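Peer 1: For reference, TrEMBL lists these features for the protein:
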ACT_SITE  62  active site, for sulfotransferase activity
BINDING   164, 172  3'-phosphoadenylyl sulfate binding site
């Protein structure tokens, strides 16, 4: 379907994007999102202010999120920052898991703040911190936790959600597991998916109107779609829109991203409020890097472009 015509105050978008009617609204006075460092119980201390993520990628696995994240961090002249790694290892440079995983959420506010660099002394020195956790959209409490954490600052956040046809995404996920070898070598796709489909069918037989998500539904509808719920976009989107305005959310098609990664980089940066000059330079640089190599050749992963 053709994209709807956009009013003058809306940024132009590429066919890679699926804007809501009011998506991509401009942020004319973009600035670094900072907050006073606080204790676990909200007490403010004299420590320097820490940046907080103003750009959060909430989904989805196997949609190119690692590739997009590395392009944003690598080619924005230090504008987009990923924060430090946590006890979860190298993957946590990208994926903080704080607002979704209950064990991470229990670490508390001060723990999450320490992940991020100190705010620049010059208030005109714009920086955008990014938390790119593609499983956030599956966690029912993630948007509620964000509202609890950010409070009135929730309206300053910009969200990215990368979407892929659910069956293709699940197939890709299966082959990623197969790549680990070991016991996975003998597992067929039928063996992998059959028990998950059986559980889903059992739930639907009890109630054909069951939403199948979230997995925390009370019995007998608990865990009705194990792993399959990563493709249940509709109920998840409705949940997120209870907390965020449509203008804060940017949806990106996987097939559009793989076809036009440079344009998507530009539009994501514009969505986040980045200066247009930086967005254009990052887009031009991203166009020169083959997408298939981006995971191996990324400063974001602690590996210079010569890796």
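Placement of Cβ uses the backbone N, Cα and C atoms for every residue, glycine included.
The structure displayed is predicted, hence computed values, not measured ones.
Locate each feature and note its surroundings.
Peer 2: According to DSSP, residue 62 (active site, for sulfotransferase activity) sits in a coil region rather than a helix or strand. Of all Cβ atoms in the shown protein chains, 20 besides its own fall within 10 Å of the Cβ of residue 62 (active site, for sulfotransferase activity).
For residue 172 (3'-phosphoadenylyl sulfate binding site), the Cβ neighbour count at a 10 Å cut-off comes to 14, with all displayed protein chains included.
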Peer 1: Taking DSSP as the reference, which of helix, strand or coil describes residue 172 (3'-phosphoadenylyl sulfate binding site)?
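Peer 2: The three-state answer is helix.
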Peer 1: What is the Cβ neighbour count of residue 164 (3'-phosphoadenylyl sulfate binding site) at a 10 Å cut-off, with all protein chains included?
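Peer 2: Counting Cβ neighbours of residue 164 (3'-phosphoadenylyl sulfate binding site) within 10 Å gives 24.
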Peer 1: Express the distance between the Cα positions of residue 172 (3'-phosphoadenylyl sulfate binding site) and residue 62 (active site, for sulfotransferase activity) as a whole number of Å.
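Peer 2: Pair distance, Cα basis, whole Å: 7 Å.
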